[in-house]
Each structure stands twice: as C-alpha cells, then as structure tokens.
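Comments concern the structure below.
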C-alpha cells in the first residue's frame, strides 16, 4: 500500500502540471518541458515538440513555457506561441490551470464515488439527549426527512440542521410507521482544536447520535451525485482554508504540519480503493489551494505579478524578483523540512 500511496502523490503532481500544460496549449503557448520532479532528468522523450521528463527529486514538478523565462528577465519574445505574447487573462488562466485541474480531479472523484454508491452511516438514532427525548424521538428511529428535505445518511443531518431556522419538522420511521416530530435545535459551544477558551465553535444540535452498527449503501442520480460532489469539494476547501487561517493567526501549532512522510503514511493507511481515492481527492484540493498562496515560486505569486504588471503597471526589478523567488524557495524548503521533522518525531 505504501507504493500505491507514493504513486498517488506523484499522480496528483502530474494532474497539477497537466493543468498548466493543457491550458497553455489551448492558449497557443508552446510547452518546451513537462517534468515530474526537479533536478537531473533520469529519463525523457520528446513528443509534439515537448520534452516529457522524469527527474531526480520527486517532490513536485514543472512545465517550461516558451518565452516565460525571457519575460521574467525583461527580454522580448515576439513569436505567437510565446507566453510573453499572450493577454493578461490568458496568462492568469495558464497559471491557474494547475490548481483548476486539482480541483476538477477532486470533484470528479467525489462524483463517480457517489454515482457508484456510497457506504454511509444510516440516519438511525443510536443515542439521544433530553431535547430529543422531549420531542418524542426514540432510540432506533430512522430519520427520513428534515423540513421536507430527504435524509440519506447521518452526516447529512448536521448540514441540514445548520442551515435551518427555527423549529424543525422531522419525518421518522418507527416500527414500519411514518411519524412526524417537531423540535427546536439547541446552540452548542465547544472549545476549538487550538484549546483556546476564547476561541469557541458554536453550532446547532438536535441531541442525537448515530447507531454505529447501521451501515448502508446510498446511490445517487447524476444530478444528486454532482450536487454531492460539489458539496464535498466545498467542505474540503472550507476545512483547508480554516486550517491555514488558524496556522497563520497562531491558533494552531506548527507541530501539526505534516511532510511527505506523513502524507504518504496517511495515504498508505487507506484500507480500500474508495478510501484511497477520497484521501487523494482531499489532498488534491490541498495541493491546489497551497499553490494559489501568494508565496514567491508558487503559482499564486506569479498570478499576483501578472495583475500588478498589467493592471497597476508595477514591475519589480529583475534582481528583486530573483531574490524574492529564492526567498520563496527557501521558505518552502524550510516548511518541507519542518513537516518532515514533525513526521519523524511522531514516528519516534
């Protein structure tokens, strides 16, 4: 499974670079090199004017676009298939292409898994508190709908309750009979993962817990599967952005960072193909978002450079750009080794 995990990580990098490659070709830009990995090229072949390579250090990848390096150095490239000759919108689209393909891959994984049937906890009550008891709910009740929205799995209950306002109308099945119950959610406050008493997470709850023995497979129509895929993608984005926010604000410890060892280790613990794909989809979203951060050497900083140059007409001198790029690479290497250190510390 470890080898499969490494291949999954390499595949996600391939997907990212394929995004840059595909959008560049659509925009009419020649791609000179498509490499998985950095450093010395271990093997390569040329096809349709592009050199495809596998390089020594498999911690990323890159595509080399015609005219991109010359533009960065302030030189002119006049041929039509040059990156330098493209419009600001096309440049932004090419730079965003990697993250876009990562996001698209995640959505497609979620879509096809939902379409093929998803193993879920059924919405059967295993335990309940006073609020639910007073509303007339009992252990073993199966929730069919909330406010006339059908419920297929227990995880759907929380999102429906969170969006609802006021009293809820629950349709339940008990002893082969369909009953209607009404209750008002309570606001529950808990301390966040940062253990800071001042940082509380508040959410609505109706006071029920699932019966962990009640599992089932839920199938979805094409539209439902697409809706489910977008919902899971949104959940992943919110979770990753919130984690980054807490890390930047200092409410999360840098000890929580994971490196390549931790990521591959987590992937290798997936005990089924669907679990591996789900983790891979989440990691793909992560890869896409991280590459959009405005850190020199990442796509986000290059996109910011295009905006400043073409909209605000601000261009930094080449030596400063090179210095920022080196600083960005240094920062990323530091983060990589910090994650690796955390991984090894956990193993020891």
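In case you wondered, yes, glycine gets a Cβ from its N, Cα and C as well.
Features of the protein shown, as given by Swiss-Prot:
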- 17: active site (ACT_SITE)
- 16, 20: Zn(2+) binding site (BINDING)
- 106-175: domain 'PDZ' (DOMAIN)
- 43-63: transmembrane segment (TRANSMEM)
- 93-113: transmembrane segment (TRANSMEM)
- 247-267: transmembrane segment (TRANSMEM)
- 275-295: transmembrane segment (TRANSMEM)
- 324-344: transmembrane segment (TRANSMEM)
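Here the transmembrane segment (43-63) has long-range neighbours at 10, 13-14, 16-17, 20-21, 24, 30-37, 260, 336, meaning same-chain residues at least 6 beyond its ends whose C-beta is under 8 angstroms from one of its own. Across the residues of the domain 'PDZ' (106-175), the predicted structure has a mean pLDDT of 87.
Counting every protein chain shown, 27 other Cβ atoms lie within 10 Å of the Cβ of residue 16 (Zn(2+) binding site).
Within the same chain, residues at least 6 positions away in sequence whose Cβ sits under 8 Å from that of the residue listed as 'active site' are 34, 35, 36, 61, 62, 63, 98.
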